[in-house]
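S.K.: Before I ask anything, here is the structure I am working with.
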Amino acid sequence: MKELLKKIAKVYGTPVYVYFEKEIKNRIDNVLGVFEGINVFPTFAVKANNNPHLLKVIYNKGFGMDVITPGELYAAKLAGASPEKLVWNGNGKTETDIKKFIGSVKYVNVDSFEEMEIWKKKEANVELFIRVNPNIDARTHPHISTGLKKHKFGIPLDKLDEFLKKFPDNRIKGLHVHIGSQITTVAPFVEAFEKVSEVSKKYGFEKINIGGGWGINYDGKELDLLEYRKKVVPLLKNFKEVICEIGRYIIGPSGILLLKVLNLKKTDDKYFVVVDGGMNTLIRPALYGAHHGIKILEPTALSGKIDIVGPLCESGDKLAWDIEIELPEVSSLLYVENAGAYGFSMSNNYNSTLRPAEVLVKENGEIVLIRRRETLNDLFGTVQRTEIREPENPR
């Protein structure tokens, strides 16, 4: 691993996201194993990682794609996904979007009364699933909890009867429920699916979309898939089709963020290890207080309390804090674990930085560049040039 990463850094530079095809496929097999015995249509949540090369690996293993925006639809199409394998999700669909998506997706999760008013006027050959809000606490970070009544998503269960009476549409095939992301206990899933299964039976729905939310091991806790299979899957056995949307579980542990150490700064109580990618490259720690494991490729004999920080002009520009590990050498490499999901897809250009390259390590060991590093021309390519003078030597 060490020599592989050093080679990647030498050829492609840092920061760079590195993904491992074998791990992606292994985790897909785990998902399929959980649902063995029921008719499941698994989809990948493109929001977690939109690289078409990775989507193609996942699609070729039998997954569909769960998309929200025209950009995610385009990424899925680049990966070769066909309309019958696409689910359209989200709470901000416009009439303009709907015109674009008709003919490109088979399944649509309808989020509101207002959205259904638009679909009522469209003669589109789609299967509609009504997103319901079961008012259940997913016990995850509040920013990614989506199943409480106060959240913006879905129709409250006590409004479903009103909804179905107002919209007697035979394209409505079932209910959709997604209570949040990074859920590490089975109980919220059981509570949600017990409710929604009972309501589905009441209205005669034979299909269901159960969302995703499978939590991975960032900080020692992760979803127990054996317990999930034992307690959740029996609640779904009476449905003719079960759709799920799994993103983080598949791609999160399958990717790392490889970084170079720029500087070591010693203060009275800790060391600051400055690396060449911060919250512009991986925003999860700054945004959610998320914890990611850090691995030093070439540690020194020294150790102590350390913050791993980026080069940006914010005190919150941190990837890890108050961790006790060995100090790295300046100019050496370290990597951030579990960075494959919501890493590149949430990266940004703060401080006019450039987004990193992405590399895939294939099963046979071949290293493939799947997204080149951004350039200044990429960053400023959309700026209107009127009265703007080009620099002589842009870098």
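Every residue gets a Cβ built from N, Cα and C, even glycine.
Straight from TrEMBL, here's the annotation block:
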type     : residues                               : note
ACT_SITE : Cys313                                 : active site, proton donor
BINDING  : Arg248, Arg284, Tyr288, Glu314, Tyr342 : substrate binding site
DOMAIN   : 23-251                                 : domain 'Orn/DAP/Arg decarboxylase 2 N-terminal'
MOD_RES  : Lys47                                  : N6-(pyridoxal phosphate)lysine
S.K.: Counting other Cβ atoms within 10 Å of each residue's Cβ, which of the binding-site residues Tyr288, Tyr342 comes out lowest?
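M.R.: Comparing Cβ neighbour counts within 10 Å for the binding-site residues Tyr288, Tyr342 gives Tyr288.
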S.K.: From the Cα of Cys313 (active site, proton donor) across to the Cα of Tyr288 (substrate binding site), what is the distance in angstrom?
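M.R.: Roughly 19 Å, rounded to the nearest whole number.
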S.K.: Across the whole of the domain 'Orn/DAP/Arg decarboxylase 2 N-terminal' (23-251), what does the mean pLDDT come to? Round it, please.
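M.R.: A mean pLDDT of 91 is what the model gives the domain 'Orn/DAP/Arg decarboxylase 2 N-terminal' (23-251).
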S.K.: Given Arg284 (substrate binding site) and the residue listed as 'active site, proton donor', what distance in Å do their CA atoms have, once rounded to a whole number?
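M.R.: Checking the Cα atoms of Arg284 (substrate binding site) and the residue listed as 'active site, proton donor' gives a distance of 17 Å.
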S.K.: Would you say which of the recorded positions Lys47, Arg248 has the most Cβ atoms within 10 Å of its own Cβ?
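M.R.: Per the Cβ count within 10 Å, the most buried is Arg248.
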S.K.: Taking DSSP as the reference, which of helix, strand or coil describes Arg284 (substrate binding site)?
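M.R.: SS state of Arg284 (substrate binding site) = helix.
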